[in-house]
Amino acid sequence: MCHHLGVTNAHPSRFPAAPLTRQLAPRTASAQATPRHTMEPLNDGERQLLLSPRVRSPRRSTPTSHAPSHMVFEPPPLRRDAGGTSLHFTKQPSMPSPANETLPTTASPRCYSPYGATRLSVESWGSHRDDSDPLNGWEHGVTEALHAVPCIVIAVLVNLMICVPFGLSFFPVEWQDIPVPHALGIQMFLLSSTICQFTFVWLSNFDGAICQMMVENVPFMHTISVAIIQELGPKNPSVLPTILVAYAFSSVVCGALFFVLGHWKLGNIVYLFPKHIIVGAVGGIGAFVLQSGIENATGRGFEWSWEGVKGLFDEEIVWLWISSALLALTLSVLARHIKSPLFPPLFFVSIPPLFYVVMLLLGISTDTAREHGWFFNRAPDVAFYSLWEQYDFSLVAWHVIPKQFGTIVGLTFFSLMHVPINIPSLSLTTDKEVDINDELVAHGISNTLSGVCGTVQNYLCYSTSALYFKCGGGGRRSGFVIGLIMMFFFFVGPNAVSYIPRCMAGCVMMHLGWDLLREALIDTYDQLDALELGTVWAIAGTMTFWGMNQGLAVGALLACMTFVMQSARTPTNAPIRGSMSAATLRSHAWRTTDELDVLDRECRNIHVVQLKGHLFFGNINQLSDYVRELFEDGPDATSSGVGSPLQSVLSDDIRPRPDIHFLVLDFTLVVGLDSSAADRLTKIKYACDTHNCKIVFAAVPRAYEKFTEHLIELFGDNRMLHIALDLDSALEWCENDILGKNVSCKDGSPASTCAADEDEFTHLRNLRRFMPDQPLSVQQRLLDYFHIQEIDKDEVVWRQGDTPERALLLVDGALTAVVEEEAGTTEEVSVGSVVGEMCFLTGEKRKTSLIATKRSVVYVLDRKSFAEMLEKDCHLAFLFQGISLRYTSYRLQYVGNRIWETKCLPV
């Protein structure tokens, strides 16, 4: 986005005097002391004047404390209009100026360059005129064009320089029976780059995009051509037409995929490629480019083998590749000290003239040097349409094309990897936000057109575009001119390659190959972990010594393995959030004092493991191992996973470690469960059976009902398995099982079989549990202060925020407490419960709303009756407050079960 608009180098006198409408603010002492300009939005022509190198800043007086010394005037704050199409300045006091002076009113789409304050754009070639400027009409256009010439020349030279070595690599060097010169690849390179350049001038959001043939795909092209040559034979006349058809078909497939992704707004898919996979592929491409550099320098085939390395020291070629290597080494050393982006292309361009100077000084003729391999062989004169003459469809071996589909698919997906790298990088370099889907559409159209025209893939080249931008280039007109120049060289043909020394082509490719290898295998040492770094080396090695498709396949496999291993070992992806015994956990079920004593003693035999996240095959083994350790060794069995210096004080030598009779697996925080994890969870049954331990699954997501059904079928005996709706229900089931074995009724029968009193006495029985030491007469005296009230279904008893005027004892029916303005937070009130007592005693406003979900009967203690109780019987009021505290303790305990934090609840 346009954070700066180049106003730091603008002069007020350069603003046009035509449509002037703004009245400047009156001059004040403050405005004179701190001169500042206020501007309306800028239009394109006025913006170009601000960016023009002819605009210079006036001399500044001694800066004040309000304005930095390096600025003519401070850039005022920006705001965007309602339509979102222009930027506006907030008006502030300005410098002395004519009373009716106006400023530009439309913001330019051009953005301020971070590489210089006075970037020149070719966008303004003769399209905007300023009558006040001394250069009017054609003079203004000629001046702007001359300023753009150096940038255009640099972009064209870089493309031509890269064109020669990579174009010669389209077909295997060792294929000596090729019916046309290898330089045919140069024509294909130029045609593909030209088509892409014109397409991006038309469609791209970047107005300074420089396009090239997709040189990274040359290894895949080699794989296709070698496979076809081996299938048909090197002297078969069908080989070349078949190879060209395969190349063109791969371009169409690549373009179609680009277009579909962009048209359907699926551009974010390209970001799914992991970085280390892309880096590994870059390393493999670097090794291939380095290999191609050696082949171009020597004119012989080369393989990464012992025999290939020995062949490099043949006296006929040893100095050919050494000279290229020395030039590449010299460039690498000098580039460490010369940081200008222009240095590498100027270094490459200077090699041919210097080479001819050395030949002249040594008295060596061009023909002699060519005989010894220092120049490429002369190509016969061929017409520009010779490429299409090779498309003899009658000779195409169509049965061979389907066999290359695997390589074509690999080439296509590898082509997709460039977009998430090139587009965001160029957007950051040019400070211009673009829609990646629009750029994918442009890539799709350009590649499809290339395929239809019989040539290879292409793309927006980040490195050349960034160099072009940093040199001051930009604008669609200049991009169009670059496309015209590339088209001119396409028509001229590849004959000029015979005058280029091999050492230049070898130097370019060796330098590029080494840079790619260094960036992939060395520079990432501190950026990737051991697994990812090993993956990078494995992919690069596989692509180098085995093949491109095999390298991508290995990369996909290793990407999956790396993801699984990283996810499994990451603490945030661990399946266990916490683990502890239920010594301090209780369900919300009401218990008598005797029952609570039993639970305090026996609940240490309940062990709760809270699971979290996504349970899958990569991390579920941690849960299996943990459960096995719980039964076998017992270390850290009661640990919640939070280390504390006090744990040594509360160690097992003070309190013996209990046996585990109930294992509760809490799924409350589980968001996903795959089939492998489900299978491993069922196998926990065998560990529990060995130790006679009952297992409870709590809060299993409803989406996995088949999993719970499978558990029920597997266990068979429901006494050893329970499926609970939530953790509270799971704890209640375990508590009931414990109480059924340890508590008996007065008649000697187990508590689990004790028949409860009639339902209408539930409230009396629960109330009795909270005052067990008091005689029944005291309970009756307490209930005398209550009065009976019936509540209809759906009646609101009170609302959140109301003043508390009563407490209720639910006798029959159902009430629900609701926390308003939250996502459905509710709590059911069971029969026999006292509700609303805390706010009633403290005088605080109601924290929840209470609604009757069916017709209910309650005992009501109102404010008047409670005041009478305080006046006449303080002992009863004290008992009522004790009952309220007991209810509050239960609620805190229930909340503590659900929070699972490191806080100590209750205190």
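Backbone N, Cα and C atoms are what each Cβ position is placed from, and that goes for glycine too.
Caution: TrEMBL annotation is automatic and unverified by curators.
Copied over from TrEMBL, here are the features:
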REGION    1-84  region 'Disordered'
COMPBIAS  49-65  compositional bias 'Low complexity'
TRANSMEM  152-171  transmembrane segment
TRANSMEM  183-203  transmembrane segment
TRANSMEM  244-264  transmembrane segment
TRANSMEM  276-294  transmembrane segment
TRANSMEM  317-335  transmembrane segment
TRANSMEM  342-364  transmembrane segment
TRANSMEM  396-417  transmembrane segment
TRANSMEM  480-500  transmembrane segment
DOMAIN    605-734  domain 'STAS'
DOMAIN    770-870  domain 'Cyclic nucleotide-binding'
Problem set entry | Same-chain residues near the transmembrane segment (396-417), Cβ under 8 Å, at least 6 residues beyond its ends | 214, 216-217, 220-221, 223-224, 227-228, 231-232, 238, 241-242, 245-246, 249-250, 253-254, 257-258, 261, 270, 273, 278, 281, 447, 457, 459, 548-549, 552
Exercise. Looking only at residues six or more beyond either end of the transmembrane segment (183-203), which have a C-beta under 8 A from one in the stretch?
Worked result: 159, 163-164, 166-171, 209-213, 247, 251, 376, 379, 382, 384, 386-387, 390, 438, 441-442, 445-447, 449-450, 453-460, 476, 479-480, 482-483, 486-487, 489-490, 493-495, 497
Seminar exercise, completed: Long-range CB partners for the transmembrane segment (317-335) (under 8 A, at least six residues beyond its ends), listed in sequence order, are 293-294, 297-300, 311, 343-344, 347, 351, 373-374, 502-507, 510-511, 514
Exercise. In this predicted model, what is the average pLDDT of the domain 'Cyclic nucleotide-binding' (770-870)?
Worked result: 88
Exercise. In the domain 'Cyclic nucleotide-binding' (770-870), how many residues does DSSP assign to helix, to strand and to coil?
Worked result: 22 helix, 41 strand, 38 coil
